[in-house]
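If you look up Swiss-Prot, you'll see 62-225 marked as domain 'SIS', on the strength of sequence analysis. According to Swiss-Prot, the active site, proton donor annotation covers Glu90. Look at Swiss-Prot and you will find Glu121 tagged as active site.
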Amino acid sequence: MSEKNLLTALSKMITEQRNPNSMNIDQLSALELVKVINQEDKQVPLAVEKCLAQIAQAVEKIVQAFQNGGRLVYIGAGTSGRLGVLDASECPPTYGVSSEMVVGIIAGGERALRHPIEGAEDNTEQGKADLQAVNFSQKDVLVGIAASGRTPYVIGALEYAKSLGATTVSIASNPNSAMAQIAEIAIDTIVGPEVLTGSSRMKSGTAQKLVLNMLTTASMVMIGKCYSNLMVNVQASNEKLKARAIKIVMEATECDRTVAENTLKIAENNAKLAIMMILSDSDKTTAEQLLAAHHGKLRQALAK
């Protein structure tokens, strides 16, 4: 796209418009300024609320993919890419899943997490190549993230995923975007112009984070990675998480600390297994068999 055409396209995007509520921010006190930002931020969850049907549809597709051995793959550039990598990286410690189950890809690779990579988002072919590098297949779900809805790198990835017959989801903050035209499910969080014109790391980025939270949390809950609202699959990899595992077992079973610690020791710090052992009054092997028979879903295993 020529510079003139790009300028024309950007001028039509909501995310690139000037916000009438922040025209004088360079004249405000610190308190006045953060009040303006806070007031604008209040619009974000309301914009996300309007997309709940599409978000739920995406969750159902992700759950189906997980159950069939597929993965959830996020792809984006800049802030959008970083948020995808962030959400993906939180899944293993929170839900005890493989780091391959939810994958985050950012234009420009690992270095782009901390430093801007010139031109990385403009390469359509690289989006496709980066999916090929992680062996993306029809079984996987691709979520393309870009506030503008027009990032070439993400469009290239979405087009490739679609050509394979994989489920494609777009997250953008402009309506009727190029990404939305490609994706099977379009999540358009229309948060309005940013406080700082064009700075989509602000409201648009916050909306993206809320949506990503929903996608992984709801999907993991639906495949049995929690019990009630407890993170029973937590990986107790540090002192804080070991203490959390003890607390989770105590809350789920109403046992005392000693019982929780002793059972966790037998269960090799597996909180879900420890809970199963206590609530079913069974040994480790029997508890493991019960969980396996119900695909790791603790509530279902306990009901039998």
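From the backbone N, Cα and C atoms, a Cβ is placed for every residue, glycine too.
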Which of Glu90, Glu121, all active-site residues, has a Cβ with the fewest other Cβ atoms inside 10 Å: Glu90
Between the residue listed as 'active site, proton donor' and the residue listed as 'active site', the C-alpha gap once rounded to whole angstrom: 24
DSSP-derived structure type at the residue listed as 'active site', helix or strand or else coil: helix
